[in-house]
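K.L.:
One structure follows; several queries about it will come next.
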């Protein structure tokens, strides 16, 4: 029932509304139309505002996107700029590294190649290289050897001044005798003077034929530069950097103090190793020593004057040569070129040996060059002694054994080669002695072919003087 009543009430209300609308006056209808128009205008304004807001939002979104793109572009630009800045910074760091530090690891060949290329492209570099070469005495100092005993400094100046202006000249003399030691030095003011003088290395000065070379090449042996002795050594050894810094010093007596030697050679530059080659038991020199400098320039300075006076000894310096190890015949000689070389032989008679001996750089007498001699006997003395023993032996009651031993020892000390009689006429090495001339020799054949092998109990040619080997070569020591 209740539901039915509600439905009826709703129907009655709906029926009343149209009736009320019909009962509205024209004025009310007009007002209603105006209200509807106002409401419609408000709706249109709201819609227009919404459209404007949407357009503004779209513009703002576009602006935000543009700003984002600009920020991204700016970020990328900053990154590129930062990378470029860091790259240039690293390059500047590389450029700031000192040139000397860059060149130190380079080999000599690399530095020479760079300098040559730079000199070919830049004239100022070539001029600077020439200036440095002119200042360095290595290219201007000449060593001359084979001079006579009476050669003076004035003689050298007169002989070499024709090649260029001389800055300094010195003929080396013995302090005691006052005679020339057979060599000297000439320092020119320019490289051209030294080059002109070396165009003809052999020169006749006085009555002697001399030879000259750059002093930086070191001493000479037998008239040939020391460089010739290195022919058998591999080329890579002589060109190695270590070899360029090492010098060899000969004629170093055992009485010399190694520490004083080190101080003496340190004035040419810092020494890395040395003195090397000392006796492992006594700690003293064995006739030679080696020094290794920190740089090759220091070694060159030490070799500018190859012959140095130290505590009364003449030390002979040269560039060390790393040659092959000595064989059995040279096992007691620490330098492979020293076996037949008088300059390497230790001799207590410093600087007073005969021509060809270690104390002088004179051209040896060809008559005394037949064998490896240590001393050359005066022919007059040998002839007198031989004649005395041959003709007066019986009258003086000489013991034959003593006579033979005397002749044998003289032959050994003089380095006499029985085949050629070094230092005396050839006939004295091979002449025969008639039987009966000397008592006790009648039962022996003549001294055919030289001195006979000594009998038991007799002295012979195998026993020489103290410090002299069986063939006349001075004893080097172990």
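Each position is counted from 1, following the chain as shown.
For all residues, glycine too, the Cβ spot is worked out from N, Cα and C.
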K.L.:
Scan 282-320, 321-359, 360-398 against Swiss-Prot and say which stretch is down as region 'Disordered'.
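P.N.:
The listed stretch tagged region 'Disordered' in Swiss-Prot is 321-359.
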K.L.:
Can you check how the pLDDT averages out over the domain 'RRM 2' (245-328)?
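P.N.:
For the domain 'RRM 2' (245-328), the model's average pLDDT rounds to 86.
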K.L.:
Just give the helix, strand and coil counts over the domain 'RRM 1' (140-217), going by DSSP.
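P.N.:
Here the numbers are 22 helix, 33 strand, 23 coil.
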K.L.:
Where DSSP helix means H, G or I and strand means E or B, what are the helix, strand and coil counts for the domain 'RRM 2' (245-328)?
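P.N.:
Looking at the domain 'RRM 2' (245-328) with DSSP, the answer is 17 helix, 31 strand, 36 coil.
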